[in-house]
């Protein structure tokens, strides 16, 4: 496990948990959390805990056959008691909700953004992100953890000689973090209590080289100005750098 | 009907349809497209045509009761032959797909961003966006058209004395447009042929006063830099200004 | 567009909209309503408006393979605000209702009744009828409009040399109209206000040569006698003749 | 059990089972087939066997509350091995098929056609028709059997003083029979082997006084003329008279 | 039909229906209940009546292909008015309930326990058990009746030369019966009134040679001791012997 | 965490993992595995790991209202990569499978068997068992872990004064273990590799006082004799005693 809390310089602590506005929650990344999957990671960002597995399978879905290209897909789900109030299972309700669909698609898109499909060849990687405990930022924690599981699955495939080189498949690293504006102040990495009060909420996925893979900013309560956007993006960059340091530390452990 | 094509100054036309990179497709907004709904709009952005209706109902969903606040929600759907290849109906498949869910949620969020729920009172507005023909930008056309239908529904409610003032409910206007990077060049308002080749695709919803309600930028093929982001946002601002002029012209007609 | 109102001789006007008992509502048939489908028709019968598309695909469903025969199928649906009260989407409810199923099957059966499956060869035509606005008679308007879309799709296929001759595939024209008994008086082409009060409601699909493809008569409130049946059939014949004239006019335009 | 075969005068026997063209298959109606339901009937029409139950419940669905009126509804289903090839259960497939929906709605409509909803009061009768063995005419056998189950349920309700008088609720008797044109010859009561070859297939529900409740005639293979329609209706009248005699005999037994 | 009541020696009658604690309800087994299935049995155990059919099909499900082995599967269902209160159809609810699933799986497992899959070859037998009337013990009656239908289907397959020998496929006979503890007294073959009061409820499937295929004992209200278990198993053995005698009598008739 | 491996005396080790036939796999029980639920337990039985949460809610389902009695229910699920091959999510498939239903019902029944519903009062406890890794015995591990989560939830409710006494609600402890016959030898606590080869498989839930709550024994491959049953029950008793010692140790920690 790798704690990145210390890497962040303290700002002025004004938040419920005593953090500075530009400070991440403690993050830990545990590889090989379970034994069976090709990649299996438990990521904890504060009280948010997500189990991320990566399943490597030879072959691709039918629509992608004979293209010479691979595919990466993701599914996100919350256990019923990840939340303070128990949430009914989507399997029992018989359908997957809009929020779940949206997040699953997001995770898949972001990971595909750093994968060279030609180098992957006609192989598929299925990411599963199951939230064991939710305290805000579950989709960004999922992305950050899933990247590590993806790397492990590719290394496994290289050892099994199913791909030539994991490094060639990976075009870059990727992580994601949430930022938001609370009472007019932009802040980094919102737990549930802050997230539910945010005027603007933004999730930003960035590569190791500092480019964007995905920006999703939303203002239900109050539109945000160009100046606020710039501040949010600066916070997100800082947070993602720290998360990528934690990813590297975990992968080198 | 209001054509805004003329309002845009020509850039250098390098696109399949001869447009400049910063030029919108022709847009028309037809109010009262059908007779029954409180608001009913047909919006055409190039070959994309969306029927947007707004249904005003007294009362709110159970979870919102006795809050004194209103609610706005949206559903998006494509007719089977909106696309070149016929798409199976989601009713027949028995479930709503992830993309549909995602877009429905987006439209609802964006419209809620300009509605004062207290001024709306315990009333609900349901937006339905049905794509009759799809040629890229269906979600942004839906938002732009739905805003006009929303205004009509609020004016209807004011005439029926169900709300005090439509103007008080509306905090601002809102429209949305897509931008993207094709072969390294940022462009405004992508039709399907461009959208399918874009390295980066971004949808931007802005208010009349120039703030952001929603930014969704995604890079499946190549990450985008901060500089590219700035250029995309500038194009989006230009496009949204023109769309809002078209909305105003339609509403004053 | 072709208005057939004038073709009908006036009876004694006693109906809410001033029509004679044997008078059709104004009908218009617009071809090429959207650009993409092989056949795309907007039909308006009074305030009822249905968008009918015909999709031509090479090949047939598996159960029909290697039979040398083609297939025609249809799906009917109503947009949520086609009606005065908004109707929930069947995609959201997760299942197609009985009424929708029944009408879809009816439309398919009637069109198959005029198609020579051998001449069509192993090709499939999928009809989609989406009701934009409903004011009674949506299933009969769907049939009447779908026939025109079907002809356009067959002509398209002939031009593309996918079939030898559209004329050979079409054994006859077909249209449909509703008739009913209100307060003891048989009437032609019922709008919603009349339909909801009818003692007996009957839908009659006839060929251009005056034979029947489908008769569906139902008496929830009061059984109907043989004499009344004969009067209803006479009205239906008159209505269908006029509708077929409108179809011919549209197809020759 | 009541056999009505003898009541029919022989025509010229030209059919696979040796019947005359205007001859019903043997019919038997067994009341109290099971013990628990308010009405429980096994009807056999040739090899077609349907179990029809009627469930009487105090109270009506919500939309009918405080109307002073009752309601009658029906559900039809086939057991998996009612047919030569096993049919998958609709419960397993997770949705009710179009044909099932259509027939369920037909049965309900026809029975409502002979029920005085005011005399029934705010009570509901649910009809269940489960086909144990299918050999053509399952929907018409269902109607004919369900009427007897309905009468038994009403008599039960009268004994329990839940309604004042079963006779007042019943405006008339009702039965149904299929007719069709095979090789150009109109025939009565088609078994599966004939039904599958029919050019035209028609189901006719008639009251005891000889009026129509429902006519559903369909011509997938060849349209039918007015003259053929008249012949089919004459056959249907003859068949329904015989079926109603069998109903009376069973109810008086 | 074969009544086995007389075969059982009377104990001390203390039960609602006057039976001794170790006495079965009257059982009858009717073969060829319907004409079409390869095996079709109506079994009545007291007021419980189940229609059991066995469908023999050449070929096995995909996952079993090229194994040289056959497969046996089962589906259980209750008609809506099998019970005193009408139960909604699972097809209408759109999903199969947990109890139905559980019983279907039980029946399939038990029958597979006496089938030699190699001797069956790559053929499949589908068992359908539809409860026409339910008065306790529907799952055990289903097993007992389904065994007879299975034998008939195998004999049919032998006659059709689809298998070499029905006797070689059948490793043994099998039947099942329920036992339970009521007010501290172990009893055999519980009808609904007893079943609903039982402290412990157990279903026992045994082969003709007296071994167990399945034991399912459950104590919602009061745990059961080892001594009680022994008494229940003794009762179950007695009941199953009698049921197997009834099976033999029916199969030899 | 509490390891019980040492408590078991070694038999003759003949098993893949070197255990004696009457030896449990190492078991650990971690309380407060997550922070939010009223009870949250991670149980590991060998490589099988299940997260069990207990949710305490005031109030009972509608059908149980005003009875003065509480209710306990359970849901079981497997994460997609709990198994060697990834399993599709039931939420995506849109329905809960038969196996899942069966196990959920089993867990609920067993726990209800030790709960005094009157002492619980009109409160509900929902158990969720999510399998993080599956290596045989997931249903029995779920029961054993869920009991500890249940106790924690009751203790929480006592502290919150929602119930008077957790001890009064609990009539006894309960645990469950699997036993089976492999190559003719009865064995305790089967991992997947053994389970898949077992001739007979049995799950036994016992109370702390040594009585049975549930016995489910199944013989797909070879029936089992009375003598074998006795041996299996003896093994199960031994295993359950050890598991209950582990439960006590965890609850006293």
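Cβ coordinates are placed from backbone N, Cα and C, and glycine is handled just like the others.
TrEMBL labels come from automatic prediction, so no person has curated them.
Look at TrEMBL and you will find B:23-153, B:172-239 tagged as domain 'Exoribonuclease phosphorolytic'. The annotation phosphate binding site is assigned in TrEMBL to B:99, B:137, B:138, B:139.
Sorted by the number of other CB atoms within 10 A, the binding-site residues B:99, B:139 start with B:99, the lowest. Apart from B:99, B:137, B:138, B:139, the residues listed for phosphate, the same chain places the Cβ atoms of B:76, B:103, B:131, B:134, B:136, B:140, B:141, B:142 within 8 Å of the centroid of those Cβ atoms. In sequence order, B:48, B:50, B:76, B:78, B:82, B:103, B:131 are the residues of the chain that are 6 or more apart from residue B:138 (phosphate binding site) and have a CB within less than 8 Å of its CB. The Cβ of residue B:137 (phosphate binding site) has B:45, B:46, B:48, B:177, B:178, B:189, B:190, B:191, B:195 as same-chain neighbours under 8 Å, each 6 or more residues away in sequence. In the predicted model, residues of the domain 'Exoribonuclease phosphorolytic' (B:172-239) average a pLDDT of 94. Across the residues annotated as binding phosphate (B:99, B:137, B:138, B:139), the widest Cα-Cα separation comes to 13 Å. Here the domain 'Exoribonuclease phosphorolytic' (B:172-239) has, by DSSP, the following mix of helix, strand and coil residues: 18 helix, 29 strand, 21 coil. In terms of DSSP helix, strand and coil, the domain 'Exoribonuclease phosphorolytic' (B:23-153) has 45 helix, 43 strand, 43 coil.
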